Amino acid sequence: MTLLLEEKYPIENCEPWDFCGFSYKVNFYNREDLTGIVVALDLTDHVLEKAIEEKANLIITHHPFIYNNNLEEEFANFPYKEKIYNKLVKLKISVYSLHTNFDADKQGTSYWVAKEFFPDEKPSPLGKYGALIKTKIELSELKAILRKKYSGPIMTNNKKASFSFNGVAFFAGSGDSPEINEHTTKNNIIITSDTKWSDWIFLSQNKKTLVNISHQTEELFIKVIYFLLTKKFKKGVNVSTFYYKNLINSL
C-alpha cells in the first residue's frame with residue numbers, strides 16, 4: 001500500500017532534512033495484514049485514539065511524527081511523543097508520512113489549497129512548491145473569497161484593499177521566504193502560513209504583498225489521500241480520516 005503511495009509521491013523527492021516515510025513501522029506489512037487506515041495532518045493523541053477506535057493499524061500523516069534520527073533527543077524535545085510512540089509499539093500501529101515529497105508533486109499541497117479557494121481556475125506550478133492563480137484581483141476581493149471557506153485569522157502587510165494584482169501565489173505551509181521572493185512579483189498576492197517576523201520584514205522590504213492564513217489549511221492533504229486510497233481499495237480496507245476542529249481560537 002505504501003509502495004502505491006510512493007509510486008505517485010517518490011521518496012526521492014523528499015528534502016534531505018525531511019523524514020518522509022515510516023516514523024514507526026511494524027515488521028510485517030502485506031495487504032492482508034492491514035486492518036484499517038487513518039489519514040490525518042499530524043499524529044497526536046486524538047489521532048491515535050481514532051486509530052484504536054477504528055481498529056486501524058496504519059496511520060498516514062502529512063507531517064512526520066519523528067524529525068530526528070535520535071529518539072532520545074526527539075522525546076526530550078517533545079515529551080508527548082514518547083507516550084504516543086510507546087503505544088504504537090505496544091499496539092503494533094505503523095505511522096507513515098508524505099511530506100515534502102507530496103508538496104513537490106505538480107498537484108501537491110499548494111495546488112490543492114489554491115484549488116480550494118479558486119475551484120474554477122487551473123493553478124500553474126510556481127517554483128518547486130508553489131502554485132499560481134492567474135487572475136486580476138483586489139485584496140478586498142481575495143478576502144471575500146477566502147472567507148467563503150476559511151474562518152481562521154487572516155493577516156497582511158498591505159492596507160490598500162482596492163489595489164489591483166494580477167495573480168495569487170500560494171505557498172502552503174511554512175513557505176520559504178527566499179523561494180517565495182524568487183518566484184513572485186510585486187503584482188502577486190502571496191498566501192502562506194506560519195510567517196515569522198523576519199519573513200514579514202524580508203518580503204515587505206522587497207515590496208511583496210503577503211497574506212498569512214492558518215497552517216491547518218493543509219488538511220486538504222487528508223481529502224486527497226483519502227480519495228486516492230478509497231479509489232484503489234474499494235473493498236476490504238477501511239479508511240478513516242481525522243480533522244481538527246477549532247484547534248486554534250481567537251481570545
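Cβ atoms are placed via backbone N, Cα and C, with glycine included.
Keep in mind the model is a prediction, meaning the values are calculated, not measured.
Copied over from Swiss-Prot:
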{"type": "BINDING", "residues": "His62, Asp103, Glu219", "note": "divalent metal cation 1 binding site"}
{"type": "BINDING", "residues": "His63, His215, Glu219", "note": "divalent metal cation 2 binding site"}
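Features per Swiss-Prot, on structure.
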residue: His62; record: divalent metal cation 1 binding site; Cβ contacts under 8 Å, 6 or more apart: Ala40, Leu41, Asp42, Ser97, Leu98, His99, Phe102, Thr109, Glu218, Phe221, Ile222
residue: His63; record: divalent metal cation 2 binding site; Cβ contacts under 8 Å, 6 or more apart: Leu41, Asp42, Ser97, His99
residue: Asp103; record: divalent metal cation 1 binding site; Cβ contacts under 8 Å, 6 or more apart: Thr109, Ser110, Tyr129, Ala172, Gly173
residue: His215; record: divalent metal cation 2 binding site; Cβ contacts under 8 Å, 6 or more apart: Gly173, Ser174, Ser193, Asp194
residue: Glu219; record: divalent metal cation 1 binding site; Cβ contacts under 8 Å, 6 or more apart: Leu41, Tyr243, Tyr244
Beyond the site residues His62, Asp103, Glu219: chain residues whose C-beta lies within 8 Å of the centroid, for divalent metal cation 1: Leu41, His63, Leu98, His99, Phe102, Thr109, Ala172, Gly173, Glu218, Leu220, Phe221, Ile222
8 Å Cβ shell about His63, His215, Glu219 centroid, divalent metal cation 2 site members excluded: Leu41, Asp42, His62, Gly173, Gln216, Thr217, Glu218, Phe221
Per DSSP, three-state class assigned to His62 (divalent metal cation 1 binding site): coil
